[in-house]
Amino acid sequence: MSTEREAKVYVNGSLVGTHENPEELAEQIREARRRGEVSEMVNVSVRDRTGEVIVNADAGRARRPLLVVENGEPVVTQEEVEAVKNGDIDFEDLVEAGKVEFIDAEEEEDILVGVEEEELTTDHTHLEIDPQLIFGIGAGMIPYPEHNASPRITMGAGMMKQSLGLPAANYRIRPDTRQHLLHYPQKAMVNTQTTEQIGYDDRPAGQNFVVAVMSYEGFNIEDALVMNKGSVERALSRSHFFRTYEGEERRYPGGQEDRFEIPGDDVRGARGEDAYTHLDDDGLVNPETKVDDSSVLLGKTSPPRFLEEPEDMGGLSPQKRRETSVTMRSGEDGVVDTVTLMEGEDGSKLAKVSVRDERIPELGDKFASRHGQKGVVGHLAPQEDMPFTQEGVVPDLVLNPHALPSRMTVGHVLEMLGGKAGSLDGRSVDGTPFTGEGEDEIRGTLEDRGFKSSGKEVMYSGVSGEKIEAEIFVGTIFYHKLYHMVSNKLHARSKGPVQVLTRQPTEGRAREGGLRVGEMERDTVIGHGAAMVLKERLLDSSDREEIHVCGNCGMTAVENYEQRRVYCPNCEEETDVHSIEMSYAFKLLLDEMKALGIAPRLELEEAV
């Protein structure tokens, strides 16, 4: 160790020494790495503020390959590029030769990367292998992303992961809890090189829609989409939803165990014969049976939890088994797809029932293009009411023009043009970032095919048959159906379960919960002066409770049912006891304060 002015050197986070010239040390390590004297896994960087040299060679770092640049020129020659293409040399050979480097996040702070060879200067240290590699897998699948605003690329990449397709070819035998399957997935008309590299075209997750950009009777304002009912009836964006239910014959201490069977009348909590009509004798439902809300899928009984109360005769009563059948979730229906029997780890019998439900696009279902242009179906228009072109083409979807300008998703417009050109030519259009097919080329294809280069067409109103004054932009674009479907989200409640502790309605759709009236909702009711509505929502429909309070001391009174009297245990009074209406949550607060040794007292006044 030397003077304080020397820079500290860290290797994998441990201080190993100091050096008087950190920049020179870092450069020496880099040169040694390129010569093969230091492992290609090593990365080095110099901290700007402190001058510390950080050397990393540990596992778990995300690194990416870049071409080395010296004096404004890539070190890799065109001959070597051709040799890699032809298979004469491997990519790894270029790495070993120090002509391609893998850079981690920390070293990336110290380098200047050029995106294209034309922009290289003497200051540049590295060059991207291909401009599209600045994107990941998700963003790389978006066509023409360089024409979009960055938040839209992020949204497009995110929603691509939520799209429905064919998740696995063995979906019939996979026991996934939830699974979606799109009918007739299509290969996108406009593709990128990333799409081809990952084999997305072999198993796509979307369909090509014919889209007209125009308003439609106000049904597509605020990102709503108008869909052609005829297309939907011809199975556009139709999908199936699979949910797997599971039951197990558990074993308990003492040799008792669960049993798959039809619960008899002697079973505690049995639902009656009607509930079990579609079960076989073994307690399992048959495939292709229609099931709906709270249908029993697996008839099951369990041993009792506790010994019964003693009978008058002195002995214990015979133990009754409990009903613990597996039922459908509330609000869901469908058809039993498969019933699978298997064995658990401890040798217990395991049953899995898969239920499928056909999902036809309906009002409220979410769709999105690859450019972050998401929307929900606002209207299903009959085909005869949809606008049509001179050739008689009726669009599958009508998109509001206001969705485009402020969001600057020009890539969406270009994909529509490219999709139209590809459809007419019967070919796939390359929309790879930075290097894809140009706009002029696409426009030329449209003109060659007898269409306007702008993509606009004369359209006629389906309702009146009159020609629409403005020309309408029509094209083909790849749309995803997302798994956010209204049938999974629709929820309402009038009465239902309450929480044990607070006696307020449960929370959430899965628990058949109530809809919370929060502070802001409360304020709007106050603003209307609707006092009785306020009381009804916040008290009567929630956790109203009547308790007896002593008017003398303000303590909670006691009701003795056997003696049929209500009295205050504090004052021993019976005359001055009043029945008070309050929230059970408040009563719980009073009880918890009493448990802490605090005696809350209520001051009673006559209601006006």
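A Cβ is built for glycine as well, from the same backbone N, Cα and C atoms used for every other residue.
Per Swiss-Prot, the features are as follows:
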REGION    278-326  region 'Disordered'
BINDING   Cys550, Cys553, Cys568, Cys571  Zn(2+) binding site
Do you know which of the binding-site residues Cys550, Cys568 has the most other C-beta atoms within 10 angstroms of its C-beta?
Cys550
Around the Zn(2+) site formed by Cys550, Cys553, Cys568, Cys571, which additional residues qualify by having Cβ within 8 Å of the site's Cβ center?
Gly551, Asn552, Gly554, Met555, Ala557, Pro569, Asn570, Glu572, Glu573, Asp576, Val577
What count of other C-beta atoms do you get within 10 angstroms of the C-beta of Cys571 (Zn(2+) binding site), across all chains shown?
16
Cys550 (Zn(2+) binding site): secondary structure state under DSSP, collapsed to three categories:
strand
For Cys553 (Zn(2+) binding site), which residues in the same chain are close in space, meaning a Cβ under 8 Å from its Cβ, but six or more apart along the sequence?
Cys568, Asn570, Cys571, Arg601
